[in-house]
Every structure is written in C-alpha cells, then in structure tokens.
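Pulled from TrEMBL, these are the features on record:
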- 6-24: transmembrane segment (TRANSMEM)
- 142-164: region 'Disordered' (REGION)
- 194-214: transmembrane segment (TRANSMEM)
- 226-246: transmembrane segment (TRANSMEM)
- 266-289: transmembrane segment (TRANSMEM)
- 295-313: transmembrane segment (TRANSMEM)
- 450-469: transmembrane segment (TRANSMEM)
- 475-498: transmembrane segment (TRANSMEM)
- 789-808: transmembrane segment (TRANSMEM)
- 814-832: transmembrane segment (TRANSMEM)
- 880-918: domain 'TRASH' (DOMAIN)
Amino acid sequence: MGASEWTVLGVALLATAGVIWFFFGRRKSSRAETLNGVQEVKVLVKGGYSPDIIEVRAGVPVRFLFDRRETGDCSSRVVFPDFKINQSLPAYATTAVEFTPTETGDFGFACGMNMLRGRVRVVAAEDAPASGSRVGGAVAVLDPPDSGGAHDAPGSGMAAPDEGRGVEAAPIADLVPDDGDAEERERDAEIKDLRGRVVLGAVLTLPVLVAVMAQDLFGATWVPPILMNPLLQLALIAPVFLYTGWPIHKTGWLALSHRTADMNSLITLGTIAAFGYSLVATFLPWLLPADAQEVYYEAVGVILTLILLGRLLETKAKAGTGEAIRALIGLQPRTARVIRDGDELEVAVEEVVLGDLVVVRPGEKLPVDGEVVEGSSAVDESMVTGEPIPVTKTAGDVVIGATINQTGTFRYTATRVGSETMLAQIIKLVREAQGSKAPIQRLVDKVSSYFVPAVILIAIWAFAVWAIVGPPPALVFGLVAAVSVLIIACPCALGLATPLSITVGTGKGATNGILIRSAEALEIAHKLDTIVLDKTGTITKGEPALTDVHPAAGFSETELLRLVGAVERSSEHPLAQAIVLGALGRGIELPETSAFDSLTGQGVRGFVEGHEVLVGNARLLANVGVTPDSAIADRLAGDGKTPMFAVVDGKLAGVIAVADTLKEGSAAAVAALRARKIDVVMMTGDNRATAAAIAREVGISRVLAEVLPEHKADEVKRLQSEGRTVGMVGDGINDAPALAQADVGSAIGTGTDVAIEASDITLISGALSGVVTAVDLSRATMRNIRQNLVFAFMYNALGIPIAAGVFYPALGWMLSPILAAAAMALSSLSVVGNANRLRAFKPAAVNPNPIVPTTDPVVTVGSTEEPEGTIMSNSTKVVDPICGMTIDPATAAASAEYNGQIYHFCSDHCASTFESDPTRYAGSSK
C-alpha cells in the first residue's frame, strides 16, 4: 500500500475509535434540584432531551419540566413506561410531569415514536425509603405558548367549584390529560410545511436530475450544456440542501449534539458528504484525481426531496394510528342540560357538578355518568361497551356519559364527572397502554441502540476499503458506497415497528369494549393456551332467576306461578324476588296476599284469594304432613338448581326451581375459545354437582370445584406449573389474587373495582365474548408487529451490504444513493402502512348456537388446606338459619358468629335479619 492508502486506513481507525467513544463513552448525569420537598429538573426538548440522564433520589417526589422548543410528530409525547405516564407535549410550551420513584435503578423515557430517549437514574436516599411501587401519580401542567413560560402549580389550572356544590367536570382533552385539537393543529401545520418544502425540492431538483440521467445513462445529445454546468447545478440544489433538507439537518445535528443519532443524523452525514465532495469537485477539482472529479448535486437534491416526501406521507399515515383516541375524545358532548333552582339551563359540560339533575332528550348524548331518577329510554352504549344492542334504562339504573339516548326523555343525577367518568378513565387507560412497552420492544430497543453506531462504522469502512483496494475511480466508489450506506439504513423502521402497532391495537380494543392496560398484556395474550373462568358473574349472571316450573296434577303452570308469586312478593329474600320477577316476566298479574308469615329455616306462608299457600323446603313439607316429589327435586338439585315446593290448601301444588342462569353468549364464547386451541377451565366454590351441571351446559370439559376463595390463586399457579400460559377471567373481590397471579388477568367490567384494578384487561360490557376478541386482537397485533420487524430487519440486512458494495466484485451490484433514498423512504412508509392495517380489525362473529360437547366434564375438587386464621373452610353444607336454603360455607354471601358458633347466609338480607335478633334464629342451621 502507498502513503495515501495508509493515510486512509489510519483515518478510518481514528474515526472508528471516535465513533465508539462518542456513542458508548461515559456520560455525565444531571442531578435534580430539590425545591420545597420536590425534586425539579428542566428538560429541553429539541431534537432530543437535554439533559437526557437525570439523577433523582428514591422516595422523593420528582417534577420534570419539559420545555419543548420544536414542532413535529416525534417529540409531541413523552412516555415513562415504567411509571405508566404518557403525556402530550405541546410545541413551544412547558409541560410538567410529576411522579414519585420508590425503586432504585435506571428507568428509560422516550418520545411517543420511541426515537428520542432519556434515562432517569434513581439512587437511594438516606431520608427516603426505596421500596414499594415505582409511581405515586402524575400531574400535567401546560403553559400556553404565549404565557411567557410562566409555570403554575400542579392542579392550579382547575377552576374552583361553586360554593356548596360538587366537583366540577373538565374537558376530556384536559383530563386525560391530552389536547387532541392542539396535536391535530400541530400535525396539520407540519404537513403544510413539509408539502411546501417537497414542492420546492422537486421543482429545483427535477431539471438537474433529468439532464444528468439523460446524458449519463442514455447519452442524450439534446441536453442543454448549461444544465450540466456544476455552478448552475449548485445554484439550483443549494436551496434544496439548505431549505428542503433543513428539518432533517436540524433534527440530525441536534441528535448528534446529545451524543446519539437517528435516521436524520445518517441522512445529514450522507448528504453533507456528497454535497461537500461536490463543492470540492466544483471549486477545487485539482485536489481530486482526474477520474474522481464528478459532482453529485442531483443525488443530494433527490435524496432530500424523496426523504421529505416519505416523511410527508408517513406523517399523514401516522395520523390514522391515533384515530381511536381522537374518536374517544370526540364522544363527549360540549354542553349539558341541567335543572338548577327549578330552571332548565344549558351549560358547558365542564360546568356540570356532582349531584346536578341532568335532562336528556331523544337523540342526545349523555354528558356525564349518573343514575336515572325519572323516565325511561333505550340507550346506545356501543361506543363505550362495544355491545350493539341498546340497553333499556329506568329509574335506579346507571348510565354512562358519551352514550346516546335513543327514544325517551329521562332525568338522571350526575354521579361521576370530570376525570372520574368512565370515558375519561377509558382514555387514560388506553394512553397508559399505548405508552407502555411490550417485552419484544425492549429487545428492539437494545438492537436499535447499537444500530446507528454500527451503520456509521460500516459507512466509514466501506469508504476505506473502496479507497484502498477498489478499482478506479476508487474515491468515487468509496463515496458512493459510504453515502448509500448512510442513506439506506433505516432505524426508523425498527423504532416504529412495535409502538405504532401497539397504539392501533390498544385503540381498537377500546373501541370494541376491551381495555388493555399494558403492551405486555397485549403481547402475552396471544400466547395463552389455557383460560380459567370463574363461574358466578362470569359464566353466569351472578343473580338467581326462575328456571323451572313443575305443576302437580290439578294445577296449571300459570296458576301455580300466580299463587306462589303472590306470596313471595311479600318476602325480601333474593330467591323470592327471582320467582316474582319470573312470574311478572310471563305476564302474570299477582293478587294481594294476607296474613303473610316467614317461617324461619323453612319458607313462607300466606293467604291468596282464600287459599293457604306455603312455599319452602322439604322441612316445611314434613312439618305440614305433605309428601314431597323427591324425584323432580333431586333432578333439579343435580342440575345445580335450588328446588322449592309449593303447597296449596294442604296439597302439593308443584315444584319450582331457581338458579343462577347462564349469561347470554357464554356457551358460544367457550366454543370459540376451544376452536382457537385454548383449553377452558371453570373454577368455582360451588359443589361438584352444581359445577358439573353448569360446565356441561356451556361445554367446559375441566372443572375445579369447591375451591376456597383464598385458594383460587394457588389453583392458577398449579396450572402454570404444568407449563401452561394461563389467563384468568373473574369479577369478584375474591378473584383479585387469581387475576394478579395469572399471566393475563381479565376482569368483567360489571364486577368489583378490586377485581378490575388487579386485572390486565377489562371487559367493559361484561360479555364473555370479549375474551375471544381480546385474544384475536392480541394475535392480530403481534402478527402485525412480527411482520413489521421482519421487514425492518430484512430490509436493513439486505440493503446495507448492497449499498456498501459487498456484491459488486461478484455480481456487479452497486447501489446509487438516489435509489438508496427511495428505498429508505419506502421502508418507513411500509411499516406505518402495515400498522394501519390493524385499523380494519373487527371482532370475529361468534356462533350463537354452538355445538356443546355431550361428554361429562372432569371435575377436580380444589385444595382444602386452610390457611392460618380461617375460622371455617370446609365443603360440609349448612342451612341458612333464616330461609332454610342449603349452602356451601365457602361460597356463602355472609357469615356471623354468635355464642361460639359460625352461621352462614345465602344473602346479605338473611345476614341482617339474623343480626337483628340472633337469639331467635340461633340453632336453626344445625
């Protein structure tokens, strides 16, 4: 090798060392300053985060003041996935984000598209504990661009409520917190700006491109010589380089100033190299070999114009990925009609307060959540629950804000306003999910952190190798290879592959009545091979209903229900109410009852139209000397139902059964899960016979029966020990530990707050079909992510070697920087477009009449080991001392201790009756 080759090699080695130090050398962290007990740090957002490594103390509140000094889609949000914060950052405004880190370690934060990154380094503090939850809360405060940067205290932006009134509402956009309109205006402004720059770039670049291509590729003689003049080409392309390429150069250099790099940095380095080389060839050609004095102005112009055109199309396409959130925000009406001091007033929805009487007319949206007090109507809740059938609402029913009133006029009391409404909570949870990271994203982040430095090193050595051993003109080959490598590499495709799909997937879930709390849950759900369903409230309705009527000879079904319903109407017992509702539902008018009496532990008695009517258990019949129809009663009990005998004027009139009935669609959902190769297991505290009967009805082949509430999590753990990926679906407080133990816990939206809080997924409508939709959505999202990642990795794995000229010696392949620019723009656009395909996702139709297997389920009795402190937890059945119903202590609605004896009750009503006079009822359950 000659001196020039050794010089090139030496420079390449020095450049390699510099790149490694630049990207991987030790960095200083900035420490937050403590003011009034709060650690505060100001972070400049401009092409990156300054500072990007912030040290804070554990256990002390932290306030980040994000001062965003730029526009553009990438930095418009900041996400702290470990702290469940996803906050919008309006352009040229300061936004405060507050939380309390209580675990030590490094926790990342990034922009919404995962391209700009920073790190929070939490260190132990002597005066603050460092254990427990990572986050205590988040508050956002926005300073408008014209405020001069003034900063209000968190929460001070909320107007004070009127004296003597409840809490005021606030716009959904503020509550989330998120300013959808501001983001849309910013995006529109960016699109307009990009469009102008692309048009200018195309107009100035096209003449140069046509002239160069026509002459160099086709030998055209008609090309005016002036268009081939380097000075004219410089005059035309310089504005393209400076103006059209400014957004790229600005962001690229700002990223480099933070000792990081992105796609813009690579393009900036590549176009500067090509433009600088062309300037040398134009003004100092004697510095270059005679065969290496060609200019590349047309390449610079085309590269920047194509990249910006791709960004313009990408920005438009990205707008679609957040459509679900914008649609949810747009659901809230702007005004509400309320009654105050007897007058009907139309006020802004922000002015509705707790306790306001709201009036809703046909076709109007409900402004806030509440409870109906007057009138009735059908309400379309599909936009919140995903259920298409309108729900009838009458006095006492709960209504949800943003749903649509259909036919009638009604009034309701506002019970949840502002950030407490279901709509605001849904948007908040979706934002958190979209800001969280799926496990696969963490792998991508790790790869991406090495990707850009690797590309720069490949470009350096591509130039060096070509310059040292390449054929003449070696410098030209080296320049083309280096620029092509820098241009074609696309870290954006890698960075966008996962977050865009997660954003669309969680948004589609929300619009279909499925709240997915984290990207991790969305990812794991596609791996589920076993789903455990709690029985009561999940598979069944969780409330008794009349199921069977067997009249004795001489009585019709209608007459039997008419007499029994009349007596039971005077009882407050849940089983009695089920009979009454069943009779009324059949259109039967119930006569008046006289001399009503509740017979403790046996049933009820009363006189209806001169007939003595008794309704109760076998003990009641034994006391009055009537022989029960044991065959029918035993069969009903074997089916998991509660049989009751009716006696009229001393004669057996029939048998009536009440049971917890199946939810509509439960059998169809189970069949759909089985069709997806998922094992379905039912878990319940009920006895084996009842559990088997329900399982047989819905087609479940494996049952865990008589499982104590405190052992449900152990049963889930036992299934996991078999190598299964387990999902759990439940609705009660006692399901919360099992929901937390499961790989993915799904709570029924109509269940308890405790269960919902412990879950990963919430099924808003309460329908079991939501589990099927959640699994399908997870599979579709993960399939989409895999497609994006395969494309991104394959694109870079093939494109970079071709651009570097690896295949030139054998195949003669040498990629033009112009083609590299077109390929790079297409790569990001393809990933965005593929993610947008998820917007077409629709829940699969579930067969409403599935074929239910006729084989008996395998029933396993759950663990009977009692944890310390359990007073009574065995499967021995006892009798409710008030109503005489036989119940399992493990599933009793309530229990009470009296004189050292534990009594169990089927309902809170029976428990309160016992507690009112325990001496009277004690001993009846023995």
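Yeah, the Cβs are placed from backbone N, Cα and C, and that goes for glycine too.
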The transmembrane segment (475-498) vs the transmembrane segment (6-24): 3 or more CB pairs under 8 Å: no
The domain 'TRASH' (880-918) - residue tally per DSSP class, helix then strand then coil: 13 helix, 12 strand, 14 coil
Non-local residues, at least 6 beyond the ends, that sit with Cβ under 8 Å of the transmembrane segment (789-808): 440, 444, 451, 455, 458-459, 462, 466, 470, 477, 480-481, 484-485, 487-490, 493-494, 497-498, 814-815, 820, 823-824, 827, 830-831, 834
Stretch of maximal Cβ-Cβ contact with the transmembrane segment (814-832) [cut-off: under 8 Å; candidates 226-246, 295-313, 450-469]: 295-313
Residue numbers, six or more beyond the limits of the transmembrane segment (450-469), whose CB comes under 8 Å of its CB atoms: 1, 5, 8-9, 11-12, 15-16, 19-20, 22-24, 260-262, 265-266, 269-270, 475, 477-479, 481-483, 485-486, 489, 491, 494, 796, 800, 803-805
